[in-house]
Each structure stands twice: as C-alpha cells, then as structure tokens.
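To start, the structure itself, in structure tokens.
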Amino acid sequence: MEITNVTEYQEIAKQKLPKMVYDYYASGAEDQWTLHENRFAFTKILFRPRILIDVSKIDMTTTVLGFKISMPIMIAPTAMQKMAHPEGEYATARAASAAGTIMTLSSWATSSVEEVASTGPGIRFFQLYVYKDRNVVAQLVRRAERAGFKAIALTVDTPRLGRREADIKNRFTLPPFLTLKNFEGLDLGKMDKADDSGLASYVAGQIDRSLSWKDVKWLQTITTLPILVKGVLTAEDARIAVEAGAAGIIVSNHGARQLDYVPATIMALEEVVKAAQGRVPVFLDGGVRRGTDVFKALALGASGIFIGRPVVFSLAAEGEAGVRKVLSMLREEFELTMALSGCRSLKEITRDHIVTEWDSPHPRPAPRL
C-alpha cells in the first residue's frame, strides 16, 4: 500500500514493533487527554486564503539561530531510536541532512554525539537533560560542542518523569542489546528492570529535581552554544526565559508525556509568542502531522516546528527512507498550503491567514490592501 500521509506510518509501526517499544513511543501521560488534544486543537483553526496571487514561485527557506535550512520543519529529540530500527539515530541524521533541515539528538539516544556526527555534514542540535552530577552535564555539553552540534535544547519540563501508564504496565526498560550511548562510559548507560517503568526509576535516580533558572545561567558559563529552552507553555515563563538569556523558546508539552491536562501546544503558542515580543524566536513541537499544521503554527507566530513521533514511526516502518518520506511529504503539503493560501514566502504568512475558535465570534475584517 502506498503511503500518502504521515499518520499512516503509525499503524505500520504498531504492527512491526514489540508492544513495549510501540507503547513507549506512542503513549502519553495518565488519561492521555493532552495527547489527543495536541492533534485535535489544530482542527479549531481554519484558513482565510487569499486568491489570485502569483504563486508560481514559493520559497520555504528560513534561518534558525543563524543557520539556513530548507524549510521550517525540523526533527525533535526522541529517545532510544535503535528500538525502532537498527540504524536508529544514524538513519534520522542522514534523512535530516538530505532534507536540508535540523536534527535534534536526544540525551537518551542509542547513538552517541560522536557517532551521529560521523554520519556526515548536517546542522544538529543536542537536547540536554540535567543530571544530578553536574560534571556529567559539563562533559556531555563539551562533547556535543566538539562533535559540531550547534545549539543546546534544554528540556525544562522533566524534574520528574510523567506517569505513563503503558510503561508501568509493560515494565518498560531499554532492551538489553542497547545502551544510552552518551552515558556508556560513565556507567549511566543502562536502565535496570523496575517494579514500574524502568525509565521512571532511572530518572528518579539521575535527573536533578532542583533544576531552576539559575542553572540556565550556569549552562551559559560552560558553553558558548545558544540555548533553547524546551518545555515553555506560559507567557510568564517565556518572559523569564528571555531575561535568563535563552536564544529561543520551544513551546512543548513533551509530546503530552509529562503533565496531563496542559493545553495543546498550538493553543499555548500565541501566548508565548506575544510574551517573547520578537526578542527570541519561538518554535513549536507536539501534534504536527500535516503541512496545514505547519502553516497554522507559523500563522500564530512560530518560527518553525519540530516533529517527534512521525520520525520514530516512519523509522520503524522503513528506516532512513521512511524518515526522508515524512520530511518530503510534510514539505510538499506545506508548500501546497502556502500556494493555496496565497503566500510565496514565510514572511507572507500572517495571523490574518487563519481564524481560530478562540477569536471573536466573527472572523476579523480583512486588512485593507
């Protein structure tokens, strides 16, 4: 069967992967209300397309932290990709590079920063969890720098792991033939079997619950790399992030895997964008499955989006070719959405190109040309 959209990869992944692995990738926290909402909220935004505009040439290129990429669609950090496919993060890195976009490598990758760098050229960011042992953190950041990574995406929504009931039921743990490669030499690469989720126990033992804004400052003293704060959902925290020296903000609810009943990221986006006041770029992850979703995020002020689950599901289904296909399908859908909305470049995508359920009852009058 020919795959014609990103979502179709999920069912293939479900059939191919062991239940423990599929459930780890697919599930959210507790009732999974936010997991559903991350997708559903996009249906509350409709288009106000402009017609009779020459859309024979469309430019989707953009710049992120000074790096030119082919489109505002990037790869979010997802852990343990070799559970999905033997080539894991190597395949994802090659697919991102071929598409001319950015890959973010997870701290909990099953391939190290050095191994991913060895796949060849590409713009890569490194997602960081802050361990209790700050020497481990400093060492990891230095290794990412040396391996040519261009930014740190600091995850700030995980002082404790969210309650993911599928992982508890399955007694989730990293398969014995895999390790968290970045921590292998530090004796932190293995995850013990536990009475609940092995990952939850690992996080409880290793990740620092005392993490605070002062640590964002500390991170800036140990690296010159720009820091993206990943996991912001409110205007208040957006303002503090800017003041703390963040180079950018990622509006994220951790794929709905942390605190259930937080809003969908697309619902939280505009509040954060307004608070940032253009001082730093704001990005979005969570729930993007269509080119129309990408357009909606940009219309609400995002500078770009990151995709997570579509990467691991396509990786499970077809390896590197699957990830390439996801990126090309999203690219083509986004280009079509731009054309049919009358936008020839990203700067032409405005708030007036959409109407949301939370706008005033009547669509805003079109601006005078």
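Cβ coordinates come from backbone N, Cα and C, glycine included.
Features as listed in TrEMBL:
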| type | residues | note |
| --- | --- | --- |
| ACT_SITE | HIS254 | active site, proton acceptor |
| BINDING | TYR24, TYR129, ARG164, HIS254, ARG257 | glyoxylate binding site |
| BINDING | 77-79, SER106, GLN127, THR155, LYS230, SER252, 285-289, 308-309 | FMN binding site |
| DOMAIN | 1-359 | domain 'FMN hydroxy acid dehydrogenase' |
Over the domain 'FMN hydroxy acid dehydrogenase' (1-359) the mean pLDDT stands at 96
Cβ atoms other than its own within 10 Å of the Cβ of ALA79 (FMN binding site), all chains, total 21
Give me the long-range Cβ neighbours of GLN127 (FMN binding site): same chain, 6+ apart, Cβ under 8 Å, in sequence order.
PRO77, THR104, LEU105, SER106, SER107, ILE152, ALA153, LEU154, THR155, LYS230
Give me the long-range Cβ neighbours of GLY287 (FMN binding site): same chain, 6+ apart, Cβ under 8 Å, in sequence order.
ASN38, ARG39, ALA41, PHE42, ALA264, THR265, ILE266, ASP293
Taking only C-alpha atoms and a 10 A limit, tell me which of HIS254, ASP285, ARG289 are near TYR24 (glyoxylate binding site). These are the recorded positions.
none
Below 8 Å Cβ to Cβ and six or more residues apart, same chain only. Which residues does that give for TYR129 (glyoxylate binding site)?
SER107, TRP108, THR155, THR158, ILE207
Quick one: of ARG164, HIS254, ARG257, which recorded positions lie within 10 angstroms of ASP285 (FMN binding site), measuring between C-alpha atoms? Sequence order, please.
HIS254
Long-range neighbours only, meaning 6 or more apart in sequence with Cβ under 8 Å: which ones does ARG257 (glyoxylate binding site) have?
SER27, GLY28, ALA29, LEU35, GLY162, ARG164
For a quick check of packing: other C-beta atoms within 10 Å of the C-beta of PRO77 (FMN binding site), how many?
26
What's the CA to CA span in angstrom from ALA79 (FMN binding site) over to HIS254 (active site, proton acceptor)?
12
So LYS230 (FMN binding site), by the Cβ count within 10 Å over all chains shown, scores 28
